[in-house]
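What Swiss-Prot says about this protein:
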- Gly38, Leu39, Gly40, Glu41, Gly42, Arg43, His139, Lys140, Leu141, Arg142: CDP binding site (BINDING)
- Thr67, Asn69: Mg(2+) binding site (BINDING)
- Thr126, Glu134: FMN binding site (BINDING)
Amino acid sequence: MIKLTDEGEKMLRECAESLVDLFAKNRIVKIKAKVTSGLGEGRIFVSLPYYMEAFNKFLGFQPYPGTLNAVIYDRISMENRLLLDLSRGILIPEHKEPNRVLGSVKAFPASINSVSPVAVVIPTRTTHPKSVVELLSPHKLREKLELEDGDEIEIEVYL
């Protein structure tokens, strides 16, 4: 049995990220998912001044205050979602405030059903399982795409 230290695990993760980046340049991964309602937490966090400014700075758009959530339902899409964990993406750093720490967020440019700009966001602190994808856009995506819970969407993620 081999046991890795935290430092060793970090080094392996960085190596894996480098390999994914090397082989995934200009790659598009597709994720199929079904729209689902969230708990409204995305709205709360996206509306915080730090995140609103950071998303604008790092993603190039002022996001609608909320996320669209979708649940992955097939194996290939889940594998593509897990690939995002190994990819660098755009890192929005954590932010320390007097009473709390706002966690970092990894983001990827994307489109949904050919609509952009969109970003897949992966907060380091989340209550969602990996099968739930959170999406940001300057648009209220439910209205723009006329989506209801259970509707299927195709997300193209640009690595």
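From the backbone N, Cα and C atoms, a Cβ is placed for every residue, glycine too.
What Swiss-Prot annotates, mapped onto the structure for a quick look.
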residue: Gly38; record: CDP binding site; DSSP (3 states): coil
residue: Thr67; record: Mg(2+) binding site; DSSP (3 states): coil
residue: Thr126; record: FMN binding site; DSSP (3 states): coil
residue: Glu134; record: FMN binding site; DSSP (3 states): strand
residue: His139; record: CDP binding site; DSSP (3 states): coil
For Gly42 (CDP binding site), list the number of other Cβ atoms lying within 10 Å of its Cβ atom. 23
Nearest to Asn69 (Mg(2+) binding site) by C-alpha distance, among the binding-site residues Gly42, Glu134, His139, is Glu134
Taking all protein chains shown into account, the Cβ-based neighbour count within 10 Å for Thr67 (Mg(2+) binding site) is 26
Give me the CA-CA distance between Glu134 (FMN binding site) and Thr67 (Mg(2+) binding site), in Å, as a whole number. 6
Express the distance between the Cα positions of Thr126 (FMN binding site) and Thr67 (Mg(2+) binding site) as a whole number of Å. 13
Whole-number answer please: how many Å between the C-alpha atoms of Leu141 (CDP binding site) and Thr67 (Mg(2+) binding site)? 8
